[in-house]
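The block underneath contains the structure these notes are about, expressed in structure tokens.
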Amino acid sequence: MKEIRHNWTKEEIVDIYRMPLMELLYRAATVHREYHDPNKVQVSTLLSIKTGGCPEDCGYCPQAARYHTDIEGNDLMSVSQVKAQALRAKASGSSRVCMGAAWRNVKDGPEFDQVLEMVRTINKLDMEVCCTLGMLTENQAKRLAEAGLYAYNHNLDTSEDYYKDVISTRAYKDRLDTIDNVRKSNVTVCSGGIIGMGEKLEDRAGMLVALSTLDPQPESVPINALVAVEGTPMEDMEPVPIWDMIRMVATTRIVMPRTQVRLSAGRTGMSREGQAMCFFAGANSIFAGDKLLTTPNPDVNEDMEMFRLLGLEPQAAFEKMPQPKTVEQADSKFESKGEKPKWTRPGHQIERNEIARQQAKS
Ligand code: SAM
Ligand code: DTB
Ligand code: SF4
């Protein structure tokens, strides 16, 4: 097990991405096995709790009010609707619910109070709760944490350089500031991006530099293939070749070994074989359910059949590779026989060093 590096350069990442495919897959799969159970995949369900009418101009997004897309807009859902949907997701094998709102930022007031109640409600169902609600202050992040939020999704989407070509209504720094506010609370960070928006390889690498140099790295990184929606400025973008998705997943896995890498939007256009290669390359999470936020996703039964074929198992809620927070906890974990899955044993010392480093920082 190698040390977690926070100093990856764009050039190094481009070199990894461009490696001969078999070498890249071998390296990524090796890292994956050191930090994760390669047969477990975390299953999340997306729930659009407030759809459409967003004031932002994100060039990829069907929910921006200024683009004329075919989606059906909705006001904030009720807590009981959300509970019913979460129960349905749990029954179909999902361990996490991710609630998305088409907001620029969170505003204190009755709607935020309602979201906090949704978080408390899903938490009581023994599921991990994630939200993606736009920009967030430190105080709002703390209130979400108190309500039991497990993760907050806020994507960097692309490199800092390319960002200006995709979105003009906010800056890259705004995204980083929100991630920082989430980090200051007890909520885990989920941040990734989209490929297929006309960016260069250097932009894909630039985004991975921005994410991997965060310290600690995000606990979860979604890799989305653009869903080109009619009516958005990106409606005519070419579909992402599966090879790009595989390379992007593998590179993400190598530079962020501990992170959960999510094979996110765009799976409807991927074959089972293509997705299997993404899992081999280190993807260990998906969004399940026949809808993402507003666009289609594979049917749950199809996904379960794919899991059966590949021998994959859905990961239970809160089930993680043991990640002790102090060296004392790490030592006691290693000393208590049988508690540590065997694939992490060789890395004990390095894992312990990383924990010591984080402990010293806090
Ligand atoms: N409004 C909040 C925000 O922007 O942070 C949360 C919802 S927003 C829809 C969440 C993420 O979905 C975006 O950051 C983007 O990465 C992803 N997304 C949106 N539209 C997409 C599309 N057409 N294809 C792929 N990913 C998309
Ligand atoms: C993420 O990275 N992808 C999800 C989730 N985080 C919120 C959203 C994908 C949205 C795809 C377009 C849509 O369905 O509207
Ligand atoms: Fe609004 Fe989020 Fe869509 Fe951008 S990605 S338009 S902020 S909903």
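A Cβ is built for glycine as well, from the same backbone N, Cα and C atoms used for every other residue.
Annotation source TrEMBL lists domain 'Radical SAM core' at 39-267.
The [4Fe-4S] cluster binding site feature in TrEMBL is assigned to Cys54, Cys58, Cys61. The number of other Cβ atoms within 10 Å of the Cβ belonging to Cys58 ([4Fe-4S] cluster binding site), over all protein chains shown, comes to 21.
The annotation [2Fe-2S] cluster binding site is assigned in TrEMBL to Cys98, Cys130, Cys190, Arg262. Other Cβ atoms within 10 Å of the Cβ of Arg262 ([2Fe-2S] cluster binding site) number 25 in total over all chains.
Annotation comment: TrEMBL describes 320-362 as region 'Disordered'.
Positions annotated as compositional bias 'Basic and acidic residues' by TrEMBL: 328-355.
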Residues satisfying Cβ distance under 8 Å from Cys190 ([2Fe-2S] cluster binding site), sequence separation of at least 6: Cys130, Thr132, Ala151, Tyr152, Asn153, His154, Pro218, Glu219, Ser220, Val221, Pro222, Arg262
Around Cys98 ([2Fe-2S] cluster binding site), how many other CB atoms lie within 10 A of its CB? 28
Starting from each candidate's C-beta and looking 10 angstroms out, tell me which of the binding-site residues Cys54, Cys61 has the most other C-beta atoms. Cys61
Give, as a single whole number between 0 and 100, the mean pLDDT over the domain 'Radical SAM core' (39-267). 97
Rounded distance in angstrom between the Cα atoms of Cys61 ([4Fe-4S] cluster binding site) and Cys98 ([2Fe-2S] cluster binding site): 18
